[in-house]
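Here is what TrEMBL records for this protein:
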type	residues	note
DOMAIN	41-154	domain 'Plastocyanin-like'
DOMAIN	171-315	domain 'Plastocyanin-like'
DOMAIN	428-548	domain 'Plastocyanin-like'
SIGNAL	1-31	signal peptide
Amino acid sequence: MRIMRGSSNSGVLFVLWMGLVVMMTIGETEGGRVRHYKFDVEYMIRKPDCLEHVVMGINGKFPGPTIRAQVGDTLDIALTNKLSTEGTVIHWHGIRQIGTPWADGTAAISQCAINPGETFHYRFKVDKAGTYFYHGHYGMQRAAGLYGSLIVDLPKGQKEPFHYDGEFNLLLSDLWHTSSHEQESLLINGRGQFNCSLAAKFISTSLPQCQLKGGEECAPQILHVEPKKTYRIRISSTTSLASLNLAISNHKLTVVEADGNYVEPFTVDDIDIYSGESYSVLLTADQDPTKNYWLSVGVRARKPAIPDQVLTALTLLNYKTISASVFPASPPPVTPRWDDFDRSKAFTKKIIANIRSPQPPPPPYSHRRIVLLNTQNRVEGFTKWAINNVSLTLPTTPYLGSFKFKLNNTFDRKPPPENFRSEYDIFNPPVNANATTGNGVYVFQLNEVVDVILQNANQLTGKGSEIHPWHLHGHDFWVLGYGEGKFKAGEDEKKFNLTHAPLRNTAVIFPYGWTALRFKADNPGVWAFHCHIEPHLHMGMGVIFAEAVHKIKNIPSQALACGLTANNGRHN
Ligand SMILES: [Cu+2]
């Protein structure tokens, strides 16, 4: 078997410049191939937004190489930690890890962090076509730049339920400046402009016009299109904090995929995208081919630091009929107002399951309902996030190992609360802001159907309620509905969408609202369910689901070489 580096130098660029699919194939028989990758994780000095930063990269690349595989393939990724002092892991976001819960890449949950100098083999099957990505899941390594794209194609001969002539892949992220936490850049495929604007000539901004020649690390990757052709644009967001909106001047976007699931197509001028989500949109190059157009990504759901100056990332949609250096004739699309949540909800509610694809509807009932109140709290004077008043602190021994070796003292054996006090007023600051820390787990039986109601609430200051995109590992869930205020069991469950509920792996909760999800505990493992805003997770905004743990088999000892499982689990 040939060992192959994750990508060539031009991998991502090539996809964009040619508008074509680049398969990183290794020559094996068709279907069920094993694709080998060698990933070296290290710090590097780069200029992703034209300023020098220390970023995390893989094999010398930032973002990491794009993995492209086919349904049924097995990925075998030998990940070597080349950092000098910290551990690392990589989570394969959106891949359900059916039968391989130890390969989910969550430190202290599915495995031990990989120590400096060590190599860990992630080996798992990709079983569903779609737009995914991977990222660090230890500390704040995602914010530091540890991420890349993972795209799974349908098996040969199978067709998507929509047509396109070419495709682009846009991985969106945010980059924070160590000198000041107030300063941030948005990146498209790891590229942004911090100290200048590509559109300075067209908008009122204090930034100068960018003077880029095109070869710079921070020069935007341009989307080159042919008139009349239709393109699939894959868009995923691995931001550490920002909620985003993407628009392309003069062009409509038809949403066809969300988190690796086909949705009923709908057409919009722009899309909202929260951290942890991915979409495919179709764009037809049907506008005046003697012009170029802006592609703009701006921040939503957070007040701009400078009033009326929404942080944006820009690139161009270039009709190949003219030079890419021709400026668009008009300013970039304006990002919708940051606090227009009615608009955000209207977009999110348009997403329903594709009617013609064989996606299963949710089971008509659930066995159990867990209501999770999201609050900002104080623990020993520090601001934290808590779920039903418990702020998650991960144990030193990974849960998977604790279950495998039946260890009783490695985490809180008392399960966390399944509801919150009925008198809690979600519209006002907590009467008592103190929370406790904990690391107990919600335990599910095999095939138990579970409803989760995510209940949003006030912030500590009482001056608002933030958006939180919740991401579930090991599963897709059905989104049964969104509502305002406090969830009212009898009344609200009657409005659940049980016919066209979309399958997702990430769902947002809106300010002062609730979101209802349903999933089937059919994947033995220990799975994180958490807010995908990295600092929120870091401050305790997550819970742990343990599912049919007695059925978990074949955990490689390499995954458990730490904490109290180190002796039992040490291989060799
Ligand atoms: Cu959050």
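Placement of Cβ uses the backbone N, Cα and C atoms for every residue, glycine included.
Because TrEMBL annotations are produced automatically, they should be read as predictions rather than curated entries.
It should be emphasised that the depicted structure is a prediction, and the values quoted were computed from it without experimental measurement.
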Item to check | the domain 'Plastocyanin-like' (41-154), counted residue by residue under DSSP: helix, strand, coil | outcome: 3 helix, 54 strand, 57 coil
Checklist outcome for this item: Secondary structure of the domain 'Plastocyanin-like' (428-548) by DSSP, residue by residue, totals 12 helix, 54 strand, 55 coil
Checklist entry - When the domain 'Plastocyanin-like' (171-315) is classified with DSSP, how many of its residues are helical, how many are strand and how many are coil? => result 0 helix, 73 strand, 72 coil
